[in-house]
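Engineer: Pulled these features from TrEMBL for this protein:
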{"type": "TRANSMEM", "residues": "71-91", "note": "transmembrane segment"}
{"type": "TRANSMEM", "residues": "153-170", "note": "transmembrane segment"}
{"type": "TRANSMEM", "residues": "182-201", "note": "transmembrane segment"}
{"type": "TRANSMEM", "residues": "221-245", "note": "transmembrane segment"}
{"type": "TRANSMEM", "residues": "265-289", "note": "transmembrane segment"}
{"type": "TRANSMEM", "residues": "325-342", "note": "transmembrane segment"}
{"type": "TRANSMEM", "residues": "354-378", "note": "transmembrane segment"}
{"type": "TRANSMEM", "residues": "384-401", "note": "transmembrane segment"}
Amino acid sequence: MLVLGLRSGLTHWRAQAVRFIHSSGGKNPGTQWKHTVQKSWKRSMSEAAAPSKAAAGSVPNAAAERVMGRWLLACSGMVAGAVILGGVTRLTESGLSMVDWHLVKEMKPPRTREEWEAEFHKYQQFPEFKILNHDMTLNEFKFIWYMEYSHRMWGRAVGLAYILPTIYFWRKGWFTRGMKGHVLGLCGLVCFQGLLGWYMVKSGLEEKPDSYDVPRVSQYRLAAHLGSALVLYCASLWTGLSLLLPKQKLIETSQLLKLRKFTHWTTGLVFLTALSGAFVAGLDAGLVYNSFPKMGERWIPDDLLAFSPTLRNFFENPTTVQFDHRILGISSVAAITGLYYYSRKLPLPRRARLAMNSLFAVAYLQVTLGISTLLFYVPTPLAATHQSGSLALLSMAIWLMNELRRLPK
């Protein structure tokens, strides 16, 4: 390429020389000729070098998008793993076993018996041991400590999975202007998650002299921690799917517009239902009424609005929190059922139809898991599976939204 550029440049100079000799009229042409040759040389060299620079410094756009799409899908999978592991940590009451937070120092677990006893002694100074686990042995403490330790280390791995590839792709020049803002937001959110997690744990370590209830973290902070994790998960999944799956041409009819709008509202309802599960977990509300469809002997329990002011019941009354989660879950299944039957009237592409069918199937599996978890008095394996099901259901809804997205104009 460089040789061809130089050859064309020499041809161009010959033509310039002929034109210059005829136009100069014998008037001291030396200086003018020097400037002409310099300009031609610079222009020819830049034209010759441009293709070489493009070939060396660029990657085919489709290939770069595939790599980044797989990266973001892998990140969303790691976030899902962190959410599931966090749920198991909560169900096994392990979240308050580590009473300190250090970004690097705590990455090295205790090794000797003396180090374990020192860690256990720190745990014994806090309410959970004094009220709930006062007869706990060192081996039992090791189990809950390792549960929380695994969750924290997985969270650090998630942070590295976002930040390190972001730096690499940024230096390669693969990000568009829009993608730069997007990945910076994702990296900021994953760092915020770590701080929010410790802020949540601190609420369970506080001494409450007037309370003899089981020590637990604030349900508000737990909901904020889960909510931000779900936002991170959804944003990563959406962007990864958008980069990997080719856009589908859909005929923009009024029926399709209604389906798309209905899908957005249904996805929002699924997200809200999953978020309400944080209040159920934070208050152990799954243990208050273990019957279905009625709550005890009534459709609407007597203590539904027992707290004052009334608004407190929706966030602090275990009965109301469980009731709300039931209503939201049933509403989500009803909305998905309506969405499914409405979509059957439309000629959707194969992938969009598969996403719709998957959403419908996972919705009924999830409600079955929820009812079973309630009736069997919240066993840890079943409750963890139910929480995983909420992520699966949200994933199907995001996938369907992505399939129905508008083509850019």
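Glycine residues also receive a Cβ, built from the backbone N, Cα and C atoms like all the rest.
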Engineer: Restricting to CB pairs under 8 Å, which listed stretch, 221-245, 265-289, 354-378, 384-401, is in contact most with the transmembrane segment (325-342)?
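Structural biologist: It is 265-289 that shares the most Cβ pairs under 8 Å with the transmembrane segment (325-342).
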Engineer: In the same chain, who gets a Cβ under 8 Å from the transmembrane segment (221-245) while lying at least 6 residues past its ends?
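Structural biologist: For the transmembrane segment (221-245), the sequence-distant neighbours (Cβ-Cβ under 8 Å, at least 6 residues beyond its ends) are 65-66, 68-73, 75-76, 79-80, 82-83, 86, 90, 182, 185-186, 189-190, 192-193, 196-197, 199-200, 203, 271, 274-275, 277-279, 281-282, 351, 391, 394-395, 398-399, 401-403, 405.
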Engineer: Quick test of the contact rule: Cβ under 8 Å, at least six residues beyond the ends. What residues does that give for the transmembrane segment (153-170)?
Structural biologist: 68, 71, 74-75, 78-79, 81-82, 85, 103, 107, 180, 183-184, 186-187, 190-191, 193-194, 197
